[in-house]
Amino acid sequence: MTDGGAVRRMLLTNIGELVTNDPIDGRSGGPLGIVRDAAVLVEDGRVVWVGPAAHAPSHADEVRYEREDRRDGDEHRAAWDADVEVVDLGGRAVIPGFVDSHTHLVFGGDRAEEFAARMAGRAYEAGGIRSTVAATRAATDDELRARLRGFVGELQRQGTTTFEIKTGYGLSVADEARLARLAAEVTVEVTFLGAHVVPFEFREPDGPGADAYVDVVIGEMLEACAPYSRWVDAFCERGAFTEAQSRRVLEAGRAAGLGVRVHGNQLGEGPGVRLAVELAAASVDHCTYLTDADVAALSGSSTVATLLPGVEFSTRQPYPDARRLIDAGVTVALASDCNPGSSFTSSMPFCIAVAVRDMGMTPAEAVWASTAGGAAALRRSDVGALRPGSRADLVVLDAPSHVHLAYRPGVPLVAETWKDGVRVA
Ligand code: NIG
Ligand code: FE
């Protein structure tokens, strides 16, 4: 409620193609629940009605409004007209706001030179993370905050309305806690990733080793970060943490009330997917190298496979096979993994274009995966779709259909971004 109790009501209309991700009630729009020549009625930041513009609620609609407005005829029409802000979207396409379920947006410095060296032939290694750890530890809160706020604007301009942020570039109790605290200033989807890599001061032969570091992660560090976090994550990969170490971290996080997510199967086949499914993780992310057993395990589970096309683009590794996963019945999400090492893009449209071009996804599947799929990976039912009850988080495209997101790669098609019924970009 705003203005002393009045409902803030807005009718977005003249939408040429509306992607609802809500393929129910006999709509013929396929899995995206497409409605043509559509309208969306928003009240106080939430969607209350979606359908053909010709059937939009109006002053004549007594059913929906009689509980709060029992006046008739002209009086009712005048009240409706005064109440409802009508926004004409000029026949453009509207999709739910992107849900980027995997980013690492609190960090110092960048690694442009490492990227350039990779493009000249050097391989990607998880160890590069430590150079960002050094730059992040050296940065002040205000420096990290200013950078982070810049990224939030960047995300909004590209249509992202919900995003997750991981810690993982602090790797000391104090630094992980401050990254979690800073991330929590801009999102509720904060993930504690103390188990990103073993920091240099713990590395053998001079330091006490990975298991000693895990002791800190599941003890003091978890305690300091949990109040700011919704999730726990571990990088279960050669060069990072073993299955046993990852399990200790994830189980401790779960015992502290956090939901589980896993980085796995990025650099080679390994135990990450199996562990994620065993722990009923919300998501296992990367999934670049999968065995048939991994795919079978995922398909029988509630764990979302989150694919990160920016990583393979920026590391010149083979792309994950989305087709194989979708055909096996696995729920697939797309996310940016925005970070200075393996994928320095914050653009979901870019991820969609790559996923369609190189990962076997149709444009519709890729749009679903970057909206509803991301919401599934974050176990959120209030975002990722446009149906009654959803947050009014949406993107107006300078295009007649969602297909253009893949069809016109690199073109800035996001014309407007709306978050909770307010235009933010
Ligand atoms: O998701 N895989 C582990 N972590 C990040 C990479 C971080 C970095 O290289 O700085 C990722 O790709
Ligand atoms: Fe990541």
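Yeah, the Cβs are placed from backbone N, Cα and C, and that goes for glycine too.
Automatic, uncurated: that is what TrEMBL annotation is.
Owing to the predicted nature of the structure, the values given are computational and were not obtained by experimental measurement.
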Record-annotated 4-imidazolone-5-propanoate site (TrEMBL): member among Ser336, Ser342, Ser346, Ser347 besides Arg111, Tyr169, His196, Gln266: Ser342
His196 (4-imidazolone-5-propanoate binding site) in three-state DSSP notation: coil
Fewest-neighbour residue among binding-site residues, criterion Cβ within 10 Å, set His102, His104: His104
Filtered binding-site residues, from His102, Arg111, Tyr169, Gln266, whose Cβ is under 6 Å from an atom of ligand 1: Gln266
C-alpha spacing of Asp337 (Fe(3+) binding site) relative to His196 (4-imidazolone-5-propanoate binding site), in angstrom: 14
